[in-house]
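Pulled from TrEMBL, these are the features on record:
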- B:26-43: transmembrane segment (TRANSMEM)
- B:49-69: transmembrane segment (TRANSMEM)
- B:76-95: transmembrane segment (TRANSMEM)
- B:101-123: transmembrane segment (TRANSMEM)
- B:130-148: transmembrane segment (TRANSMEM)
- B:184-203: transmembrane segment (TRANSMEM)
- B:234-254: transmembrane segment (TRANSMEM)
- B:266-284: transmembrane segment (TRANSMEM)
- B:291-310: transmembrane segment (TRANSMEM)
- B:322-341: transmembrane segment (TRANSMEM)
Amino acid sequence: MKDTEGYVTADGRQIGGVLMEMRNITLKFGGVTAISDISFDIREGEIRAIIGPNGAGKSSMLNIISGFYTPTIGEVWYKGAKRPPMKPYEVARMGVARTFQNIALFEGMTVLDNVMTGRLTHMHAGILSQAIWWGKARDEEIANREKVERVIDFLEIQNIRKTPVGRLPYGLKKRVELARALAAEPSILLLDEPMAGMNVEEKEDMSRFILDVNDEFGTTIALIEHDMGVVMDLSDRVVVMDYGKKIGDGTPEEVRNNQDVIDAYLGVPH
Amino acid sequence: MLYRTAGQFKTSYQADQALFPIRQDAFLLGIILILAWVVFPMTASEFTFQTLLIPILIYSLAALGLNILTGYAGQLSLGTAAFMGVGAYACYKMITIMPWMNPIVAILLSGVFSAGIGVAFGIPSLRIKGFYLAIATLAAQFFLVWLFEKWAWLYNYNASGAIQVPNLEMFGTYVAGPQASSIVQYYVVLFIVSLLTMLCINLTRGNLGRTWKATRDMDIAAELIGINLMKSKLTAFAVSSYIVGVAGALFVFMWRGAAEPNLFDIPLSFRILFIAIIGGLGSIMGNYLGAILIVGLPVVLNLLPAALGIPIDSATVEHLNIMIVGSLIVFFLIVEPHGLAQLWRLIREKLIIWPFPH
């Protein structure tokens, strides 16, 4: 598959060229090698899953993509250019948004304010304008509120928009976190275990939202998930990691029949 | 009943984002403003101005400054008094170097100096958090007070080592110094405090406020959604120190009339921190409630025995006072650890849905 060429998924969606590419990524913490020499790409419009047993280095990989870790060796290519080492907030401003494995919402703020923080990178009014709540600051506040309301509508959290986040149950918090990431209108959305700790209904809801986001906004999604059923249903292509190495990469069917993957998950007799 | 919100519909986001989306809140604020601008000054005695009205306003402003930093941006600071001192000394130097300067402009400008110093002492916050940062700001507290004492240029080489507020005129009336009348000073303080409170309300509900709160609640997540933590923390230090500096200038110029370096020692820092904590961190109104409790209550308690005709000597009253205020502080913190403002918020929430429990 060439970088610029896309492919058509099993359900008939057209996937574009390469949006983000990891080239020979190695990550070491002192003497421990968390990730060794992994390469894969994420294409425009696809849902890409990263799976693997516990401690395989999936979250570390996500942290590299979002700029929280800098790889020891290797390059991250984004939108056709090599990404220089940068701070996480700079990466976020380039259109990479994410959610967290352990919910990382701003507990002291309302749902609305939390989602509004997702728009921070789109707001540029100066401090004086904000202090007098006039001119650019007020206009921005209203324009961005409209965008945020669209996301709130989309994720069906209208009724809790003014509730402090600390009072919400777990499943809703996960949804608010997704809303905050979506509000940034990212080019690529990273989801770190979006279904962890959810019951079946909540998982169904979340899966529907992920598919809808991808479908309606065309957002590229990279996700880590342990629920194999969900992963196989949702994703277009899957990367499988084990002990920091890539052991499989391809469509869910290809991965499912890959002997290394089966060994990693089921174990092999020694 | 009083707080019925049914029937108040919003048809635009602008209306929903208005300062008082609920009509009753605006009404309540209107009453408070009328009290503060008209009723109090018309009825207050010299004693009331000097022991209650003016100090409560000034302490509220200082606590508001600290609250921006600690309550909104989550950066603990124990150097408030020193930053007040910077404001006071800066104002004194400006007034003595340029006596023609408008006193209100001088007071508002003096905050700029403390903002600069605040940012400089805020730099450690980029690396350290919580109690460790509080200790780092203690360095500012001790260093600056030492500087006020040793750098004679700051107090114009006075033999006493103190700064004395000269008579300052504005539009033909004295606003500061021994000749100024209390009511004029009260209005100057009220004007500046109202103005800065207004600006702070806007800042904290807007984009900058959300940036600060995000930094406070979870800094790692904040950075990963695109917040430059350095900028967020340092603007909090700047805005906070500005307000604290202005409060310091008011403290000396509109109330004390003179100041020695040790006036800005650590007990004052603690006092303002208590006001902010008891009033409620992360709230604007809390600062006023806290100041009323910490500054106002002792004064009222002092007067109470005499007013009721109970024969107790003043030393005993003083001791009782400390005990009562102390236990009240403990009581309020047990009832509502998030401060008086949160207590009011809960009452308001209950009132809105009254008479139904949910």
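Count begins at 1; order follows the chain as displayed.
Keep in mind that glycine also has a Cβ here, set from the backbone N, Cα and C atoms.
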If contact means at least 3 Cβ pairs within less than 8 Å, sequence distance 6 or more, would you call the transmembrane segment (B:291-310) and the transmembrane segment (B:184-203) in contact? no
With pairs closer than 6 in sequence left out, are the transmembrane segment (B:266-284) and the transmembrane segment (B:101-123) joined by 3 or more CB pairs under 8 Å? no
For the transmembrane segment (B:184-203), give me same-chain residues lying six or more residues beyond its boundaries with a C-beta closer than 8 angstroms to one of its C-beta atoms, as numbers and ranges. 19, 33, 36-37, 40-41, 44, 49, 53-54, 57-58, 60-61, 64, 68, 103-104, 107-108, 173-176, 209, 239, 243, 246, 250, 254-255, 284
Of the listed stretches B:26-43, B:49-69, B:234-254, B:266-284, the one with the highest count of C-beta pairs below 8 angstroms to the transmembrane segment (B:76-95) is B:234-254
Other parts of the chain folded back onto the transmembrane segment (B:26-43), taken as Cβ under 8 Å at six or more residues beyond its ends: 19-20, 53, 183, 186-187, 190, 194
